[in-house]
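Copied over from Swiss-Prot:
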BINDING   11-12, 33-36, 57-58, 77-81, T96, 147-151, N177  NAD(+) binding site
BINDING   S81, T120, N176, 186-191, 202-204, R211, N246, 269-273  substrate binding site
ACT_SITE  D121  active site, proton donor
ACT_SITE  E122  active site, proton acceptor
ACT_SITE  Y147  active site, proton acceptor
Amino acid sequence: MRLLVTGGAGFIGTNFVHSAVREHPDDAVTVLDALTYAGRRESLADVEDAIRLVQGDITDAELVSQLVAESDAVVHFAAESHVDNALDNPEPFLHTNVIGTFTILEAVRRHGVRLHHISTDEVYGDLELDDRARFTESTPYNPSSPYSATKAGADMLVRAWVRSYGVRATISNCSNNYGPYQHVEKFIPRQITNVLTGRRPKLYGAGANVRDWIHVDDHNSAVRRILDRGRIGRTYLISSEGERDNLTVLRTLLRLMDRDPDDFDHVTDRVGHDLRYAIDPSTLYDELCWAPKHTDFEEGLRTTIDWYRDNESWWRPLKDATEARYQERGQ
C-alpha cells in the first residue's frame, strides 16, 4: 500500500511510521510534516532509508494534492495538540487542525483516495469524577478548550465530506497516549525528564483529574485495523480502558524511578482543566476484533522511562525551553 502519513514526525505519527516499516515492509510510506517544534526529523532517523520524508504544511493545497495523488490511503495525524499552547495562542490550532483537515479532505475527494482521520476523546468534553459513564460513538460533542474545539470542527468536516461528496473516510477518537518520542511538554515525559535532570516533578492542582491511558503502540495497531477493515463513514473509539488519576500516575512513575512518591510540587492548575476522560471501546473490540496488548500500565511506564533514559540526546535539546515556558505560567 502507498501510504501518506501526515504529521508522521510527531509523537503518535512517528510511532505509526516505525510500526508500518516494521510490520508492513511492502508499504511505501511518505511522511508529510511541517517539522515544527513537535515534529522532529530525528524521530525518523532509524527508518529514514525506508520512507520518503517531505517537509511541508498540510494547508499547502498544491503540495497536498500532489502527494495524495501518489497514494492509496492517507493517515491524517497532523495537528497542533498541546492544550496549554492552545490557551496561550489558538490561531495555529485553527490553521492546522481545521484548515489543514479541509485541505486534506479536498485532496482525497479530488483523487478518490481513502482517508483515516485521527482525533481525540477531548471533543466530548469531560465527565464527573464520580460518574462511571464513558464516552461512546453517540456521545454529543462538547469541547471545552480551543484545542478540542478545533479537533471537533475537523471531525465534523470529515463527516460532512463523507456524506456530501462520498469521501471514503473513517475517524478514530483516542484516549491519552504515552510511550517513546513524546515531547517533554506532555505530562508523563515531563515528569520523567524532570527527574532525570534533577528537577522536581510538577502536578497540576490536586492531581485528581482522571485520564484513560493507552500505549502509543496499541493506539497505532487500532488505527491500522480501522484503516484495513473499518466501515466507511464510521467513528471508532480507541482505548485500553486504563483510567488513572494524575496523582496516581505520578506516584507510580516516581516509585519506578526509585524516588519518594511524594517528592513533587503542586502547581497552578490549567484553566478549565477537564476532570475525567473515559472511553467505551466495545465497538472497536466487537466489530473489528481488536484488543490492546500493552495492558500492564506499570510495565509500559517502565519501558517508557527506560526509553527516555537511553535517548537523552533526543529530548535534552527540548527540555530547557519547555520548562522556561512552564515557569512563565507558574506551572
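Keep in mind that glycine also has a Cβ here, set from the backbone N, Cα and C atoms.
Positions of the features from Swiss-Prot, shown on the structure.
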{"residue": "F11", "record": "NAD(+) binding site", "DSSP class": "helix"}
{"residue": "A34", "record": "NAD(+) binding site", "DSSP class": "coil"}
{"residue": "D57", "record": "NAD(+) binding site", "DSSP class": "coil"}
{"residue": "S81", "record": "NAD(+) binding site", "DSSP class": "coil"}
{"residue": "D121", "record": "active site, proton donor", "DSSP class": "helix"}
{"residue": "P189", "record": "substrate binding site", "DSSP class": "helix"}
{"residue": "K202", "record": "substrate binding site", "DSSP class": "strand"}
{"residue": "R211", "record": "substrate binding site", "DSSP class": "strand"}
{"residue": "H273", "record": "substrate binding site", "DSSP class": "coil"}
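The Cβ neighbour count for P189 (substrate binding site), using a 10 Å radius over every protein chain in view, is 25. Cβ neighbour density within 10 Å is lowest for A34 among the binding-site residues A34, A78.
Checking each of the recorded positions E122, K186, P189, K202, R211 against K151 (NAD(+) binding site) by C-alpha distance, the shortest gap belongs to E122. When other Cβ atoms within 10 Å of the Cβ of R211 (substrate binding site) are tallied across all protein chains shown, the result is 21. Reported as a whole number, the C-alpha separation between Y147 (active site, proton acceptor) and S81 (NAD(+) binding site) equals 6 Å. Comparing Cα positions, K202 (substrate binding site) lies closest to S148 out of the binding-site residues A34, A78, S148. Nearest Cα neighbour of P189 (substrate binding site) among the listed recorded positions (F11, A34, S81, E122, S148): F11.
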